[in-house]
Structures are given as C-alpha cells and as structure tokens.
Amino acid sequence: MSTARFLPKSLQPTDEQLAIQTATANTLVVEANAGAAKTTTLALRIAESWQRGIAPDRMLGLTYTEPAVQALRAALKKLGMPAPVVQRLRIETFEAFCANVLRGLEGPGVLQLESAEALKPQVWEAILGVEEHPGPHRDALQLPARGDHGAVEAFLRESLQLKGTMQLALDEEHEGPMTPERALALDRDYTLLRIYAQYENVVRRGGHPDRPVFRGPFDATYDLARLIHAGEPVEGTPGWPTELRVLVVDEMHDLNQAMFFVLCELLDTNRACYFCGAGDHDQVIHQVAGADVRFMQDELALRTHHRSVTRLPLSASFRFGSALASKAGRFARKRYASASAHETRVRLGHYDDADECVEQVLQAATEWRESEGERRMSEFAVLLRHPHQSVLLENKLLEADLAYATRGFESYLLRPEILLVRGLLAVATDNFASIDSPDTRKRIVEAFVFFCDVRIVADDQPEQSQDRLVQEAVNAVVEDPGILRLFFENQVLKNADPYVRRRLSAAVEAARKAPADTLLQDFLQALDIPALAASVFVEQPRRREALGHVEGLTRLAAGHRSAAAFFQMLNQSELRQQQRKASEHLVLGSIEAAKGLEYDQVLLPWLERGLLPATGAAERDEANLFYVGMTRARRCLTLLAHRERPSPYLAQLK
C-alpha cells in the first residue's frame, strides 16, 4: 500500500477504504457489506488513479443497473473530482457497453424490444415455426395452444436464464440438432429448447447474415459474449477499449456467465489494466438472469491466469447504526459493524389487513412531514416487493395530499390499463384538453393503440408503414385534444376487433349514463378488463397487477358524483404532483430499484408469508431482497408485519 494522493473533500477515508484506494495489486475484489460505501470506495479508487495521472478516457466503469451508473458518477462529484473530468469518464451498464460495441461491429438498425408484450409476436413466430417443422421427435413436443400467454412468459423467463448462464454455448460436447436426450442431460424441457433454437437462429436472425433484426433485454450482453466465446476478435472494434489502465465493476455480485465473459475479455485485451470490483454476495437478486456469486469468488482467478486476485473487505456500515447493523449481521450470518456517527431505530408494527397496513404507512408519512417539513419528504421511502401493492397506498396519499414519486415502477394511474380507462372517460365526457401533461395525453392515446391493436387506414398514404401512421395519429391527437373523439370513432372503433368494439362502445355509454354510486362498476363491467388484460399481457403476474390496479381505481372513484367529476379529480391530482418540487415527494419504490440507494427513513410494509418471500419465487433471491430493503435505512427502519402470517425473515433478526 502506498500513500494516498487524492484527498477527498467530503469524507475522511477509513483504514479499509485507504487500503483499497491505494492498493498496488492489479486485480482487486472488494467484499462489502451493505451500507459500507462500496460505490464511494470505487470512486476513491478512480479518483486516486486520476490524481496519479491516468487520463479519464483510459478508465471504464461497469455496473448491472442504470441507477448504479448514476450513483458512481454522483460519488465521484461528491468526493471533489471536477465535473468536466467525471463527464469524460465512460461509466455504463454492461448491457449499454455491449450494445455500443456491437453497434461498432454491425452498424445501426437493430430494433430494441424492451417488454414481454413487444416480444410476444416473435415468440409465437418461433412456436409456429417448430409446429411447422417438428423434426424427428414430434411425439416429444408439447407445444402450447395459440394464445397461451403462460407459455410465452415461461419461455422468456427460461430464455433469460439460458442466456445469462450461457448453458447451451458452454455445452460444447454436443453439436447438431436438439434431442430429448440432450435436453434431459441439460435438465431442460425439450419443447422449450426447440422453441429457443427457432427463436434465436431463425426469428431473431431474420435471415440476416451479420446481425439480428431485433434484441430484447440482456440480448446485447449475450450476443457479445457468444462472439467472444466463439473466438471472434473484438479488439480494435469501435467502442472496444484497448488501452485501459483502470477498470472498475460495481454490483459485482450480479455478474452472470455472459457478463463474466465480457469482463475477462476486457482484462485479456488490456493486460496493463488495474481492475477493482466490489459487491456483496447477500445482494444477489437476479438469479433468474443467471447471477452467481462464484464470479466474485474463485472464478476470476481461475479464468485470468495472468492475474493474482487480492481480496479486501469493507465491513463497517456508514449508513446505519449498530442496532440495524447487528440485525443485518444476524440475518446475513456474517460480521457486521457500524462506523456510523448516528444510531438507527428499528421499529416493528403489526396489521390485520391491507387497510390497516396502509393506515400505518400514512401515519408515519404524515408524522415525518410534520417533524421534518415538506422539503425533506424525499428522505422518506416506502419499499415494496410487488408493484401492485402501491395501489391502496397511492389512493391514500392522494387523499391526504401527500406528494410521491415512484421508483422501479410507474404510478398505477399511468399504467396502460388505467390510461385506457382515463381515455374512455375522456371520450365519454368529451374533455381531453383538461389533461395538462402532453406526455400523459400521448400515453392515453398509445393505450388505445396497445389494447385495441389499432391499425390506421390512410388511403392517401398507401406506402407509409403502420408504425409511422400510428405515430402521426398519436401526435395529432396530443397536439389537438379536441379530435380525440374523432380518433376514437374513426380509427379505434372502426378498425378494432368486433368484440373489443362492442366492449369499448358499451363502456363509454355506461360512463355517460350510469348513476354515481355504480359509475365505475358499470363502466368496468361493460369494458371487461379481465378479458382485455388476458388478451394483451403475457405474464400472469402482470395480468393480476392490471386487475389490482383497476380494483384500486374503483375504490378511488367511490363517492364521486359523475364520470366527469372523477375524471377531473384524476387530472387535478396529476397536476398537483407535477407542480411540487422533487424534494417534496416521498419515495414509493420497489426494493430492487432501491439497491445502491439510501434514505433517512425506510418502511417495509406487507411483510407476510406469500408476499415476502413471494410464493413461487427463488428462495435466495427473496431473502436477498429483504436484506437489500432493510439495509437502505439511515436513521429509522420500520417493519410492518401481518399479525397472524408474519414473514419468516423477521424471526431471523432476533
């Protein structure tokens, strides 16, 4: 260890941090506890390298998530590194880095499809391809019936894991077509592997010899890893760094096999590069994508023969005091100290039903506003395991005039199924202009397109693509809200499926005529949201969410005298939210999206069996999610558990 040359402005590094900042080892793995300032310590490592004369364009930072990218940049600025220097640093997610490299190899033009709904047609194309060409093992195939959304959901989940683990690419002993025997040896379903092969080799390639026609989530990392594994040269490709002196990886615990291939290739092609990766093996929450803690352990030394791996700890939490540190240590079964100057209260509350749980959250938020003021509401976070749990909370927050911002999911009022309802209410009341936000107006029109599979008929533009025609129609309605009814009647209704057309017309009529006390019930019964949700959403949890969102909207509508009054209330609430400063919004977020972040007060509600841990979810991921959630708190952690069915994790804190 040498003497530190970079002196941070905002903190006095601990001995552990100084050891990492000044380590001379060329390959360093930092094993950190939550709250132990691993991102700040990685920033110290970067700043020290810069102070010693390494140019910013010779450094690279990689993370698993975009919030971690922003957190690393923020840490560098907070330490006192000049903003123009921070701006020059290349800090990206693995997926963004790989996409940039592939763009240099392939050129532009690869379509990016981000959602399960966007990928659904391609999955069905692959299923039909296998059906048309079943091969010699026809009897072993169990192909799903058309419209089986569960099959698409299962395929995308298994596909993500196949790509993350690179299981098929590493199965080098077997070549040729997939057989039931090979599928059994891989512990995979034969039908699924046949569909996967059709999807990857035919549908996604689209007949193009050099690049795929589209990519879904994580596909860029997988595609680049496959090229590397196949021995294709990437060194010298635009976007691939070849003179790196410093490489840091945050969230190293989330590495999977594909990301690890990319990391090793970076180290192999930049042998003079100093590497520092940091992670916490108790924060692995992406096992479904192949995340494996072994890539933080022995795998790096085994794979990079020219490097000797040095391991250093970050054990003391700066985020929270000893009371929470001791509970986190008991839960994770590891040594956990606190270096915090403040203490952290840990409170346990109980509830009998969802309404009581929400009331306790609302009471805590109100007390925080009264004691801390509206300017510090952003330091109050409610972290949820499931997005649909926000519905009751959002309703109560709106009623209490408590501003909130969502993280990791959108407000349920901006989800497509609710936007469809708002759009139909706008048609029924002929009052689209009262929605002040152009973005919300755009989303509402897009919800019509999404649910109703709108196809624009334009006789004067026969050569124009459907995507372009739809976008032009959406923009026209956004710019001139007065034509929404015409768009609905001339494009949506005329071109919709007959069943959908009847449902939409009946819903609008119900909204115009239903008495106040049954307004939304009559409207939703006419619309038949369950059938619409089943027709468009691929994943079963997403369909359940849609129904939960609509149920929440029904509760919110109670007491409004008409569709117009309810519609106006929604619009006014949205406007009030937008007019408040960001610091005045409490945080309503997913646990996953909170990883790497911290708040003065954190609430974890709905701690009960079946919810956290979630039924059917990977046990290790669920435990790590709870660990991530509880370790976001600085000064106060509140745990709200069901009185009769408490989460088993609570017993592990004692």
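Just so you know, glycine gets a Cβ as well, placed from its N, Cα and C.
Feature annotation from TrEMBL assigns ATP binding site to A32, N33, A34, G35, A36, A37, K38, T39. Annotation source TrEMBL lists domain 'UvrD-like helicase ATP-binding' at 11-321. Annotation source TrEMBL lists domain 'UvrD-like helicase C-terminal' at 315-596.
Sequence-distant neighbours of A37 (ATP binding site) (same chain, six or more apart, CB under 8 Å from its CB) are Q17, L314, F318, R319, listed in sequence order.
Sequence-distant neighbours of A34 (ATP binding site) (same chain, six or more apart, CB under 8 Å from its CB) are D280, D282, Q283, S317, R319, A328, Y627, V628, T631, listed in sequence order. For the recorded site, T39 (ATP binding site), the DSSP three-state label reads helix. In terms of local Cβ density within 10 Å, N33 ranks first among the binding-site residues N33, T39.
In sequence order, L314, S315, A316, S317, F318, R319 constitute the residues six or more apart from A36 (ATP binding site) in its chain with CB-CB distances below 8 Å.
When secondary structure is read from DSSP and collapsed to three states, A32 (ATP binding site) falls in the strand class.
Taking the Cβ of G35 (ATP binding site) as reference, residues of its chain lying under 8 Å away and at least six apart in sequence are, in sequence order, S317, F318, R319, F320, A325, A328, E598, T631.
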